[in-house]
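Report on the following structure.
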Amino acid sequence: MEKANETSPVMGFVLLRLSAHPELEKTFFVLILLMYLVILLGNGVLILVTILDSRLHTPMYFFLGNLSFLDICFTTSSVPLVLDSFLTPQETISFSACAVQMALSFAMAGTECLLLSMMAFDRYVAICNPLRYSVIMSKAAYMPMAASSWAIGGAASVVHTSLAIQLPFCGDNVINHFTCEILAVLKLACADISINVISMEVTNVIFLGVPVLFISFSYVFIITTILRIPSAEGRKKVFSTCSAHLTVVIVFYGTLFFMYGKPKSKDSMGADKEDLSDKLIPLFYGVVTPMLNPIIYSLRNKDVKAAVRRLLRPKGFTQ
């Protein structure tokens with residue numbers, strides 16, 4: 001295991017991966033490669049149909065196209081490096097490349113948190129205030145909503161990455177992770193990281209707490225409105241328009257809260273299990289969730305399935 005001199009600055013990092021579990025690495029390589037291909041194909045198809053099919057030129061599918069593009073960017077910022085790490089005995093990464101990866105991953109994660117809350121608002125207006133939907137969710141409204149999600153996520157990423165790269169790293173240069181995950185990198189700093197911790201807590205409130213509360217309140221009103229519909233068929237039809245989004249929210253935020261909110265183990269055996277889970281949970285969040293998103297939206301949405309069929313038919317969008 002490489003260590004930098006205790007007084008010399010770290011010029012690069014070593015990614016530790018699953019070195020304690022070498023028997024799993026080939027299996028994980030194949031699984032992650034297959035999932036990455038599904039992510040590219042599934043999200044790529046969703047982006048195509050939301051652009052090419054005029055029937056899907058609505059706020060909901062505009063947000064969905066943004067989410068699909070974001071998932072491709074998010075996984076591409078880390079998965080190729082993860083795959084490469086399985087093929088090399090010891091994966092090293094330069095300080096600057098690590099900073100770029102931290103920035104991209106953080107920006108994509110923050111943007112997705114806000115995008116999901118914007119999508120919840122879209123569903124709230126569509127179900128609870130349908131007569132004013134076209135006025136409230138006009139193009140002049142939903143495009144700035146999406147743009148602000150990207151801008152705020154990017155700004156937060158710049159702040160956190162800037163704070164992280166200004167820290168001195170003069171000791172252990174081994175990142176106990178697949179990628180340059182910001183929390184794993186901060187553990188290697190040989191200086192006080194109080195500012196980083198405080199800023200991270202503030203960010204957690206902005207990107208986790210506030211969106212979850214907003215989404216929760218939106219769905220309280222949505223479910224209340226659905227329950228007032230007299231027919232069971234009517235309730236089922238209306239709920240189907242937001243069930244895919246609700247499923248994605250539960251998977252996405254459930255993984256995030258488990259990753260950042262779970263208690264830490266104190267005994268050595270528990271620490272070993274925690275060490276493995278600290279790698280597998282972000283892997284699930286960074287690969288499995290983006291893979292599930294297009295599957296969930298295509299299985300739960302008749303419009304998307306019909307658009308995909310039209311895409312596969314010659315001249316399907318010309319009719």
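Glycine is treated like the rest: Cβ placed from N, Cα and C.
A coil conformation is recorded for Cys190 (disulfide bond) in the three-state DSSP classification, outside any helix or strand. Positions annotated as disulfide bond by Swiss-Prot: Cys98-Cys190.
Swiss-Prot lists Asn5 with the feature N-linked glycosylation site.
Annotation comment: Swiss-Prot describes 1-26 (among others) as topological domain 'Extracellular', evidence class sequence analysis.
Per Swiss-Prot, topological domain 'Cytoplasmic' is recorded for 51-58 (among others). With a cut-off of 8 Å between Cβ atoms, the residues of this chain six or more beyond the topological domain 'Cytoplasmic' (51-58) that come close are 65, 303-304, 307, 310-311, 317.
Feature annotation from Swiss-Prot assigns topological domain 'Extracellular' to 81-101 (among others); the stated evidence is sequence analysis. For the topological domain 'Extracellular' (81-101), same-chain residues at least 6 beyond its ends with a Cβ under 8 Å from one of its own Cβ atoms are 2, 10-15, 17, 25-26, 28-29, 32-33, 36, 161, 164-165, 169, 175, 178-180, 185, 283.
For 122-140 (among others), the entry in Swiss-Prot reads topological domain 'Cytoplasmic'. Per-class residue totals from DSSP over the topological domain 'Cytoplasmic' (122-140), listed helix then strand then coil: 16 helix, 0 strand, 3 coil.
According to Swiss-Prot, the feature topological domain 'Extracellular' maps to 160-196 (among others), an assignment based on sequence analysis.
What Swiss-Prot lists as topological domain 'Cytoplasmic' is 221-237 (among others). Looking only at the topological domain 'Cytoplasmic' (221-237), the predicted model's pLDDT averages out at 88.
Residues or ranges marked as topological domain 'Extracellular' in Swiss-Prot (evidence: sequence analysis): 261-279 (among others).
Annotation comment: Swiss-Prot describes 300-319 (among others) as topological domain 'Cytoplasmic'.
Long-range contacts of the transmembrane segment (27-50) within its own chain (CB-CB distance under 8 A, at least 6 residues past either end) are made by residues 18, 56-57, 61-62, 64-65, 68-69, 71-72, 75, 79, 82-83, 86-87, 283, 287-288, 290-291, 293-295, 297-298, 304, 307-308, 310-311. Among the features that Swiss-Prot reports, transmembrane segment is placed at 27-50 (among others), with the record citing sequence analysis.
Feature annotation from Swiss-Prot assigns transmembrane segment to 59-80 (among others).
Annotation comment: Swiss-Prot describes 102-121 (among others) as transmembrane segment, evidence class sequence analysis.
Among residues of the same chain six or more beyond the transmembrane segment (141-159), those with a C-beta under 8 A of the stretch's C-beta atoms are 59, 62-63, 66, 102-104, 106-115, 118, 121-122, 199, 203, 206-207. Positions annotated as transmembrane segment by Swiss-Prot: 141-159 (among others).
Same-chain neighbours of the transmembrane segment (197-220): 109-110, 113-114, 116-117, 120-121, 123-124, 153, 156, 159-160, 163, 183, 242, 246, 249, 253, 256-257, 260, counting only residues six or more beyond its ends whose CB sits under 8 Å from a CB of the stretch. Annotated transmembrane segment per Swiss-Prot: 197-220 (among others), in sequence order.
Within the chain carrying the transmembrane segment (238-260), a Cβ under 8 angstroms from the stretch's Cβ atoms is held by residues 109, 112-113, 116, 119-120, 123, 126-127, 204, 208, 212, 215, 219, 222, 225-226, 229, 281-282, 284-285, 289, 292-293, 296-297, 299-301, all 6 or more beyond its ends. Taken from Swiss-Prot, the feature transmembrane segment applies to 238-260 (among others).
The Cβ neighbour count for Cys190 (disulfide bond), using a 10 Å radius and every protein chain shown, is 16. For the topological domain 'Cytoplasmic' (122-140), the list of distant contacts is 59-60, 63, 218-219, 221-222, 225-226, 238, 241-242, 245: same-chain residues at least six beyond its ends, Cβ to Cβ under 8 Å. For the topological domain 'Extracellular' (81-101), the DSSP counts in helix, strand and coil order read 14 helix, 4 strand, 3 coil. For the topological domain 'Cytoplasmic' (221-237), the residues of the chain that approach it from at least six positions outside its boundaries are 123-124, 127-128, judged by C-beta separation under 8 angstroms. Its Cβ taken as reference, Cys98 (disulfide bond) is surrounded by 25 other Cβ atoms within 10 Å in the chains shown.
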